Amino acid sequence: MENRWQVVIVWQVDRMRIRTWNSLVKHHMYVSKKAKGWFYRHHYESRHPRVSSEVHIPLRDATLVVRTYWGLHAGEKDWQLGHGVSIEWRQKRYSTQIDPNTADHLIHLYYFDCFSESAIRKAILGEIVSPRCEYPAGHNKVGSLQYLASKALVTPTRKRPPLPSVGKLAEDRWNKPQKTRDHRENPTMNGH
């Protein structure tokens, strides 16, 4: 029988981002308890030799699996060293690859307090309304007028440590033009 290949979209990331992601996930699973129901799988619990960790995030009847890899083909720069992340959405027997922004949006829909379009209706019904969003990485579009008004009223408080963002984990830092300065410290040059 011939070899069968399976192609998986893997976002090339810095190994320090993977360490930060893992520590943030563990903190919010075990210390702050904001990531209830999340499951962390260590590298020694996986059958695949290139998988360094897995985070299973339940979303009602579906699951989001964020899998980090090591020992992949080395990148263009020294610090990339073959580390990557894949994001998979599973529901029963169906699974598909998704991008980091969609993953953040899905996490935002099911976890963490947020001021949303339904907040005015909740306030009229006498329910508690959260005036801020705990997971701003999940907002990938311009907010509603009510959300923007609430944001202007409430001063944002920085969360320490921040909530884990898949978009931040898989952010492309290498292809952005680097800002450099000439010998007189004038920001006239752009990557040259």
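Positions of Cβ are set from backbone N, Cα and C atoms, glycine also.
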If I go by Swiss-Prot, the feature region 'Interaction with host APOBEC3F' sits on one of 74-79, 116-121. Which?
74-79
Under 8 Å between C-beta atoms and at least six residues away from its ends: which parts of the chain pack against the region 'Interaction with host APOBEC3F and APOBEC3G' (54-72)?
10, 12-13, 15, 18, 21-22, 25, 35, 37-41, 43, 46, 82-92, 98, 103, 106-107, 109-111, 166, 169
May I have the DSSP-based helix, strand and coil counts for the residues of the region 'Interaction with host APOBEC3G' (40-44)?
2 helix, 3 strand, 0 coil
For each of the recorded positions (Thr96, His108), count the other CB atoms lying within 10 A of its CB, then report the residue with the highest count.
His108
